[in-house]
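Q: Below you'll find the structure I mean.
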Amino acid sequence: MRRLKQIIKSFTLWELLKGLSLTLRYFYRKKVTIHYPDEEVPSSFRFRGMLALRRYPNGEERCIACKLCEAVCPACAITIEAGPREADGSRRTTLYDIDAFKCINCGFCEEACPVDAIVLTPEMHYSIKDRGENILTKEKLLMIGDRYEEQIARDRAKDKKYR
């Protein structure tokens, strides 16, 4: 009797029918796939994307060259050199470079900064095409910060309660 059941199951392709029934069940369910280039993936306001340097509202750069971000970076991606400023002699950065190949976007530099000078922007779509573009200089970082300043300020306001 057992052998007969086995023959009938193999003749009717029982396993194939079970698989097809499972496929049909999932075929009519709501799709959860996002077609990436055409549809944007929703991201949190805490998303850690491209790095940027911020300025004060009067246009002065925020970085005071304390080198805490350089010290806390686990990938050693940040290089800072400091010097006195001509106007009042306070310490400012003369060189602020970040190697994008080394950076792991951990956010430690952002947390360590006492004046919120370095931030991670919500920009996730960036590429490096030429040799040497991986070094983000102070000027590039300030330009990125100027471009995203409004959005950074909005995201900081949302997150203020938790900081």
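Just so it is clear, glycine is given a Cβ too, placed from its N, Cα and C backbone atoms.
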Q: For the [4Fe-4S] cluster 2 site that Swiss-Prot describes with CYS103, CYS106, CYS109, which of these is also annotated: CYS73, CYS76?
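A: Of CYS73, CYS76, CYS73 joins CYS103, CYS106, CYS109 in the [4Fe-4S] cluster 2 site that Swiss-Prot records.
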Q: At a C-beta cut-off of under 8 Å, are there same-chain residues at least 6 beyond the domain '4Fe-4S ferredoxin-type 2' (94-123) that contact it? List them, or none.
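A: Distal contacts: 43, 45, 47-54, 61-64, 66, 68-69, 71-83, 133-138, 141, 144-145, 148, 151-152, 155-156.
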Q: Just to be sure I understand the packing, how many Cβ atoms besides its own are within 10 Å of the Cβ of CYS113 ([4Fe-4S] cluster 1 binding site)?
A: 20
Q: Could you check what DSSP calls CYS113 ([4Fe-4S] cluster 1 binding site) once collapsed to helix, strand or coil?
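A: Where CYS113 ([4Fe-4S] cluster 1 binding site) sits, the three-state DSSP reduction gives coil.
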Q: What kind of secondary structure is CYS69 ([4Fe-4S] cluster 1 binding site) part of, going by DSSP in three states?
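A: Once the DSSP labels are grouped into three classes, CYS69 ([4Fe-4S] cluster 1 binding site) ends up as helix.
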Q: When DSSP states are folded down to helix, strand and coil, where does CYS103 ([4Fe-4S] cluster 2 binding site) land?
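A: In the DSSP reduction, CYS103 ([4Fe-4S] cluster 2 binding site) maps to coil.
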Q: Could you give the residue numbers and ranges of same-chain residues that sit at least 6 residues beyond the domain '4Fe-4S ferredoxin-type 1' (53-83) on either side and whose C-beta is under 8 angstroms from one of its C-beta atoms?
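A: For the domain '4Fe-4S ferredoxin-type 1' (53-83), the sequence-distant neighbours (Cβ-Cβ under 8 Å, at least 6 residues beyond its ends) are 90-100, 102-104, 106, 108-119, 138, 141-142, 144-146, 149, 152.
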